[in-house]
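Asker: The domain 'Heparan-alpha-glucosaminide N-acetyltransferase catalytic' annotation in TrEMBL covers 53-141. Per TrEMBL, the feature transmembrane segment maps to 91-112, 124-143, 163-185, 197-219, 313-336, 343-360, 372-395, 415-436, 459-479.
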Amino acid sequence: MSSLTVVTDSGERAPLLCISSPELSHPADGEIVSSSLDETAVSKPTPGDPKQRLVSLDVFRGLTIALMILVDDAGKAFPSINHSPWFGVTLADFVMPFFLFIVGVSASLVFKKVSSKPQATKKVLLRTVKLFILGVFLQGGYFHGRDNLSYGVDIAKIRWMGVLQRISIGYLFSSILEIWFANDYPVDSSKAFVKRYFFQAVAGILIGLSYLILLYGLYVPDWIFEISSLNMESPVSGYGLSTQTVNCGVRGSLEPPCNVVGLIDRLLLGEKHLYQRPVYRRTKECSVNSPDYGPLPSNAPGWCLAPFDPEGILSSLMSAITCLVGLHFGHILVHVKDHRQRVIFWSVFSVFLTLAGYVLELAGVPLSKPLYTLSYMFITAGVSGLLLVVLYYIVDVKCFRTPMILFQWMGMNALILYALAACDLFPGALQGFYWYSPKNNLVDITERFIQAAFNSKKWGTLVFVMLEILFWGLVAGFLHAKKVYIKL
């Protein structure tokens with residue numbers, strides 16, 4: 001990973017009620033350090049008009065990193081906070097929308113004034129490629145995670161999509177919209193605001209309509225997939241063959257085996273390049289331990305061992321609209337100078353999005369993170385906006401920052417924490433040093449000790465994960481003290 005700083009022509013922003021102290025601001029004056037996991041505008045100070053980093057956005061980003069660590073590492077002990085097996089929304093299902101929303105807000109601040117559109121576009125494209133490649137490296141199968149000391153991946157089976165890949169697509173979408181599709185109208189009224197960003201709204205609507213037309217209009221035929229012996233946790237009747245046929249022949253299905261999202265990924269990426277252990281393996285049809293992973297039931301349907309990518313192509317197209325929502329929130333921050341008005345506009349818009357999502361669910365559009373359905377997009381984007389409102393008011397308006405300092409530090413170095421903690425690079429490396437048995441390593445011994453101290457594997461795991469989050473917060477604080485910020 002490399003460090004890249006971009007000096008931009010960002011215009012002046014109204015100072016917040018609470019002025020950041022120098023030690024809480026980074027990077028150097030006038031610079032914008034930009035990546036999709038950490039991208040916040042900092043304008044160059046002028047005498048008598050102090051400017052500072054939007055601290056609430058750092059806190060939001062750090063809180064999301066902490067939430068990702070929590071649900072990933074404590075999800076096995078508490079399946080209720082892990083990703084929903086297919087329909088519904090849990091705590092884990094808010095992580096990705098939070099990241100995408102933050103990307104949109106950041107893009108509006110970074111590109112609010114652009115001196116050279118072609119040059120800005122070139123930098124956006126380069127950064128998008130870097131993020132995508134890093135995502136493939138981290139989640140393509142080369143690293144095997146905790147409790148597996150091996151590494152390496154068969155290129156014929158490498159996974160192409162993933163978390164950073166989806167973020168890179170959202171970053172590209174929101175940045176290009178902000179660079180090329182924002183008119184130069186001066187914003188001095190609500191009408192002027194609509195005129196300035198009209199084409200961005202049209203682009204979002206067209207993408208949403210395209211998604212819906214494909215999701216409900218394309219025909220999904222029967223299909224065949226190869227069964228990997230690695231996915232067989234127990235022998236089950238009907239799975240003795242090397243291939244399995246999934247009977248579909250439908251349109252508009254949102255169920256796991258016969259949806260268009262999976263169809264497009266199988267056609268364009270190939271089934272071998274998809275995620276091989278999808279969340280629907282935790283449904284009642286596919287796991288005796290549902291909502292957790294477990295052995296297949298004796299009457300498990302044929303599609304239970306089929307691959308499916310939760311960050312696929314069509315769902316990533318829909319998820320980019322969450323970045324557009326964040327972009328709109330950033331526009332309010334740029335053009336509305338009064339803090340109370342910002343909070344009111346954000347709150348109204350967030351409540352509208354959340355209610356719209358619930359209305360769609362009542363109308364028959366289920367909440368589904370793997371499909372990134374319209375109802376799911378509205379609800380998670382609305383909650384993202386409400387959380388930003390709360391953090392902005394507490395951190396940037398009322399200056400109540402001390403309890404949030406760990407999250408702020410984590411948000412300043414989100415990319416490196418994502419790679420080391422959320423992708424298990426650091427704990428995986430520590431597990432490589434053990435005493436006689438691979439189980440006797442520092443990570444596992446510490447976790448077992450805490451579980452024994454609390455006389456509970458479940459609650460001991462939760463305490464271990466909380467200490468893990470605290471550890472990474474302190475690591476981020478150390479990096480901040482040394483003025484080290486890892487960017488892409």
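Indices start at 1 and increase along the chain as displayed.
From the backbone N, Cα and C atoms, a Cβ is placed for every residue, glycine too.
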Asker: Mind pulling out the one from 91-112, 124-143, 313-336, 343-360 with the most Cβ pairs under 8 angstroms to the transmembrane segment (372-395)?
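Answerer: Of the candidates 91-112, 124-143, 313-336, 343-360, 343-360 scores highest.
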Asker: Where does the mean pLDDT land for the domain 'Heparan-alpha-glucosaminide N-acetyltransferase catalytic' (53-141)?
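Answerer: In the predicted model, the domain 'Heparan-alpha-glucosaminide N-acetyltransferase catalytic' (53-141) has a mean pLDDT of 93.
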Asker: Select the range from 91-112, 124-143, 197-219, 459-479 that forms the most Cβ-Cβ pairs under 8 Å with the transmembrane segment (163-185).
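Answerer: Checked against 91-112, 124-143, 197-219, 459-479; highest Cβ contact count belongs to 124-143.
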Asker: Quickly jot the same-chain residues contacting the transmembrane segment (313-336) by Cβ under 8 Å, restricted to those at least six beyond its ends, or write none.
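Answerer: Same-chain contacts beyond the ends: 13, 54, 96-97, 100-109, 112, 161, 165-166, 169-171, 173-174, 177-178, 187, 193, 197, 200, 203-204, 207-208, 210-211, 214-215, 260-261, 264-265, 268-269, 342, 345-346, 349, 353, 370-374, 377, 380-381, 384-385, 388.
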Asker: For the domain 'Heparan-alpha-glucosaminide N-acetyltransferase catalytic' (53-141), what does DSSP give as the number of helix, strand and coil residues?
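Answerer: The composition, in the requested order, is 66 helix, 0 strand, 23 coil.
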Asker: At a threshold of under 8 Å on Cβ distances, which of 124-143, 197-219, 343-360 pairs most often with the transmembrane segment (415-436)?
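Answerer: The stretch with the most contacts is 124-143.
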